[in-house]
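What follows is one structure encoded as structure tokens, with my remarks underneath.
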Amino acid sequence: MMANNCNLVSVLCVILVLTLFHNPITVAGQNSPVVALFTFGDSNFDAGNKQTLTKTLVAQGFWPYGKSRDDPNGKFSDGLITPDFLAKFMKIPLAIAPALQPNVNVSRGASFAVEGATLLGAPVESMTLNQQVKKFNQMKAANWNDDFVAKSVFMIYIGANDYLNFTKNNPTADASAQQAFVTSVTNKLKNDISALYSSGASKFVIQTLAPLGCLPIVRQEYNTGMDQCYEKLNDLAKQHNEKIGPMLNEMARNSPASAPFQFTVFDFYNAVLTRTQRNQNFRFFVTNASCCGVGSHDAYGCGLPNVHSKLCEYQRSFLFFDGRHNSEKAQEMFAHLLFGADTNVVQPMNVRELTVYPVDEPMREFWVPPTPATVHASDSSSSTSRGYEYY
């Protein structure tokens, strides 16, 4: 009798294990995990749209771009970019397709990001965020239903080109003019996010701006030297970033219970700056110059046919592959932070948590200002800077 009971218990245990593996755990009220990833913004998220939009050949379609994977596919990296890794972590089996290319598979999301994109103005051979949103709306009816869109993640990185252009065109702008411009940019960002929300999107991942003054191309153009960043651009980026969290909090709190606005904010600024100042902790040995390019910081002309650019021997030791874009190694790190880091990096929840958060539930946690830490972005090659946690 005891033997029969043991056999029965064993059979029940096997059935339970098989049931658990066959039916993945889901959050109450959520029948399935996230179904797609949509990205918007500039060259950091461009999956190949620039190649379709421009009438000229783009360097990103040719070697040494894609060097790490022997696949120059129009992405501004030596290999994959952050959304590629994030999609893998989200169990999306397909690469995020460039939406502007014909005959691509957009069944699990699409990239609308284009190199040179801005929030304001009319960029040449590029698109504003508003134009990208309109393109999404044009494609929506034929490709994605409302339930699909509501459960998908919408990821945005935009604004860098606005501030780079403003600084170049207004070198003597005072604090008042800078503040007014930041307000214009962030107000436009809010309007464009609202337009996406009105189209049915509900889950947003907003990436703050990088420390723009520490980009190798900026250091090179403004002759900062090897150990200094251009603080005017960093200040503009910080002013911009400070407005993002409160803006999204307001949008979430004001959204109707029938269509909750859900979001998270990735502190990209400090994620980059930490690796710039504590480079050896992350096994980056060059953070103030590019792997590919020419000039004082090897930051210009990577891949251009009329430029004899230098190319480093080992790109994984560089934080930046070209003058504006991070190496694949760094991009993968950022994707890991987005997907699984704590609230020191991405808040009020990480992307893994956002994907399973019930789409019909209002947010109960919100963005809060980080603990102040005053550290200037100088001496970038040093590993002794203080004031930042390792993330």
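Yeah, the Cβs are placed from backbone N, Cα and C, and that goes for glycine too.
What Swiss-Prot annotates here:
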{"type": "SIGNAL", "residues": "1-29", "note": "signal peptide"}
{"type": "ACT_SITE", "residues": "Ser43", "note": "active site, nucleophile"}
{"type": "CARBOHYD", "residues": "Asn105", "note": "N-linked glycosylation site"}
{"type": "CARBOHYD", "residues": "Asn165", "note": "N-linked glycosylation site"}
{"type": "CARBOHYD", "residues": "Asn288", "note": "N-linked glycosylation site"}
{"type": "ACT_SITE", "residues": "Asp322", "note": "active site"}
{"type": "ACT_SITE", "residues": "His325", "note": "active site"}
{"type": "REGION", "residues": "372-391", "note": "region 'Disordered'"}
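Here the C-alpha separation of Ser43 (active site, nucleophile) and Asn165 (N-linked glycosylation site) works out to 15 Å.
Take the recorded positions Ser43, Asn105, Asn165, Asn288: by the count of other Cβ atoms within 10 Å of each Cβ, the lowest one is Asn105. The secondary structure of Asn165 (N-linked glycosylation site), as reduced to three states from DSSP, is helical. Using CA atoms as reference points, the recorded positions Asn288, Asp322, His325 were checked against Asn105 (N-linked glycosylation site), and the closest is His325. With respect to Cβ neighbours within 10 Å, the active-site residues Asp322, His325 differ, and His325 shows the lowest count. Look at Ser43 (active site, nucleophile): DSSP puts it in coil. Put simply, Asp322 (active site) is 11 Å from Asn288 (N-linked glycosylation site) when counted between their Cα atoms. Distance from the CA of His325 (active site) to the CA of Asn165 (N-linked glycosylation site) is 17 Å.
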